[in-house]
Ligand SMILES: Nc1ncnc2c1ncn2[C@@H]1O[C@H](COP(=O)(O)OP(=O)(O)O)[C@@H](O)[C@H]1O
Ligand SMILES: [Mg+2]
């Protein structure tokens, strides 16, 4: 794309809506400037204006197709491809049938434009074998249509002499399914007559130039164009047009048989031109042609001759009128949704030197197309704004419906009057028709004739007799009435069509169905004008039902010259095409409108508030939706029923967003669907797996159960057997027992008979004796050691010996002790006796006792013999001394202690002063009444004296001895030996003592205050004393 022309280039704006200032001159200038830059396409909104360059430009390459494919309409230079793409996308994405209306004068480039649209759609729609076949057929229909329908005219070397409307059908994906091509009013008269400088239909020239000699011979033709009357006996090959090559292209797509039939009919037409009926039979050449024709179509020459001769004049006007249909058009079932794109390429507006019925018809058709344009883009649109309540300043424009009405009105229209004249009985010719027209249309602004001019006193030499003039939207055209009635009648006399029907030529017969004698109808066929009018009406209806896209072709010069721009010529076209008004309405108006409902439906996914469902009204929904998209306010208008969007850019933006969103949603749906599919599949698989494993487990369980049942059965059998065996054994045992008892009983009976009754006792005694003997001998051999401390003794071997054994054990022990005692020395014995006595007195009674166990009773602690100091004392004791020790005497008055020496003899107890070693007190043992000691481990002792004794009068003695146990024991022994009585010993906590001053009760108190050495005596009052001991 060249950068030279940006869309906003002031000199050559790409969209005339942007033109400033907007005048006719600036508009034409812009077109001229763009044309100079080889930008032949220009927009007015989405209408494309195409200026014919008359030279091939490099803008139709596959790369260009790619560039415009799915492009944004305004991002690229204006092009037919862009509008084709827009239409195709609207069709595919918005589901709206489209039509592309291509209008313009003859030679302005309409046919080329239609071909470009077709090839673009073919290129961008999807590929595939079937689709490609359809596309090929659609594209290939062109050469054959052009061959039979196009001819060179003064305006255009390849002028379409018929209207062509092609409907291409697409499926929902946008793939072409097929197409229907409708033709409108072929210019049949061209076959028999054409102006000098023009040509007949291409097919004749193509056939003669392209067919092989064999084919020509088969068709009984000569290659020489000059031979044929219909070709004006001149061979006019055209520069830049290869008839031979086109002939080859034309036959593609037909079967050979079809081609042959077609060419045979073509040859027949060509040859018919060489038969001049008036002198047909006179000339041998005519005769030859006639014969050859009949050979070709399988007809008896006389039949044809008769048919031709009886209606000589009419015969020359005849040729084929048919509707060609693309072979193998795939007609789909009606319920299948299909979309249609129509491309209309119809002959353009024509003004010739001499304009006949054909031009009248052609221009009528163009008038109708212009009406569509005016209605859809100017009138309808403006009316809609008013209807929808959008603020609007009306734009003036010329409405050509008055001209259409002039031609087609069913009572006062020219066509109606023409029909009336044709059907009217009586003298009918062009003059009567003209008179009628003049009468009825005398005051019509767009109708003129000599007569109406005369009536208005206008002198106009340009309007000849037998002519009338119509002021078309595109200019004034003077029509010559000559031939109008004849052509309108379009009558083919019955004998001719019957002759053709009689031919043995399938194609020819099918072309003349009315020739069938059985279908003879006396009704006149409809006139050409009527037919055309109704087919145009049908076409219009068809076009109105679709979304129109316009391509307006402009012819830049009259000379078919490359890159020549004649401003005047273009200005005229700009005027009659109403481009200025178009720009004005466009500028003020809105590019797009749609009912709220469909609009909301289409774009609701763009706003979370309207997606997936909007519950309110459509209008509110659309407003909410658009509010969320934040377009500038001036871009939008809300009518009563429709929403309007001002610039296409906004619409494209909307569409782009929608596409993105739809892609997202599609992904989402795909995701959900895939998830669902996988899940269900997984669940199915899982279910199957569970089923299989259940079956398998069931099978295994059954096997296992069988085993268990078997095991139980076997177990039960075994147990039964066991039970039986046990019962058997019990029976057996019982029998044995019974037998044993029985035998025993018998044995005992027998025994009693033979033995004494004491025998068993004797026997037992014997056995016992024997056992005792063995026990005793064994015991004697294994006597335990003789040690006194060892108390072991073997256990009894038999229970009946237990008592004996115990007895023996005791005897043995006593014997052992006796033996031990016997061997003791007298002193040792006395010592042990003393110990024994101590034990009897104190064991478990005084806590001091256990300590004394270890201490041997030495008796003599003072060393009376050795110490000379104690000689006197020693003398007192002499040999009778039992014990000598030092003690502490407790003062009865204050509890304090004083040391004393104590001597015990077999008769006396002596207390002496340790210093003087002089006896202080001497007690006869019999004076002692008793002794009291504490329970504790102290050495406190109270010596109770008989009050009657001499010493006794002094009161009891309280002493503390370190060898209390020995002292008391020896005192006890000695007392017993001396008096033969036991000395009373009290082990108590509380006792009373007798003192001269009165009795004192002594309480022994365990107290930590007492020293370890001895008790502490405390006098409490006059007759109480506490002894604190540990
Ligand atoms: N886009 C174009 N590029 C080049 N030449 C063109 C183009 N359009 C038309 N022409 C030329 O103009 C001639 C007439 O065009 P055509 O489409 O047959 O006119 P119409 O159908 O309007 O009568 C064509 O034969 C071709 O030479
Ligand atoms: Mg054409």
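Glycine is treated like the rest: Cβ placed from N, Cα and C.
Because TrEMBL annotations are produced automatically, they should be read as predictions rather than curated entries.
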Checklist entry - Can you say which of 467-489, 490-512, 513-535, 536-558 is given as region 'Actin-binding' in TrEMBL? => result 536-558
Next on the checklist: Which secondary structure state does DSSP assign to residue 111 (ATP binding site), in the simple three-class scheme?
Outcome noted: helix
Checklist entry - Listed binding-site residues: 105, 107, 108, 109, 110, 111. Which have a CB under 6 angstroms from an atom of ligand 2? => result 110, 111
Checklist outcome for this item: Cβ-Cβ distance under 8 Å, sequence separation of 6 or more, same chain as residue 108 (ATP binding site); the residues meeting this, in order, are 50, 52, 348, 553, 554, 555, 573
Next on the checklist: Across the region 'Actin-binding' (536-558), what are the DSSP residue counts per state (helix, strand, coil)?
Outcome noted: 9 helix, 8 strand, 6 coil
Item to check | residue 106 (ATP binding site), number of other Cβ atoms within 10 Å | outcome: 24
Checklist outcome for this item: Within the same chain, the residues at least 6 apart in sequence whose Cβ is under 8 angstroms from that of residue 111 (ATP binding site) are 146, 150, 158, 160, 345
Checklist entry - Can you list the residues of the same chain, besides 104, 105, 106, 107, 108, 109, 110, 111, whose Cβ falls within 8 Å of the ATP site's Cβ centroid? => result 52, 156, 348, 553, 555
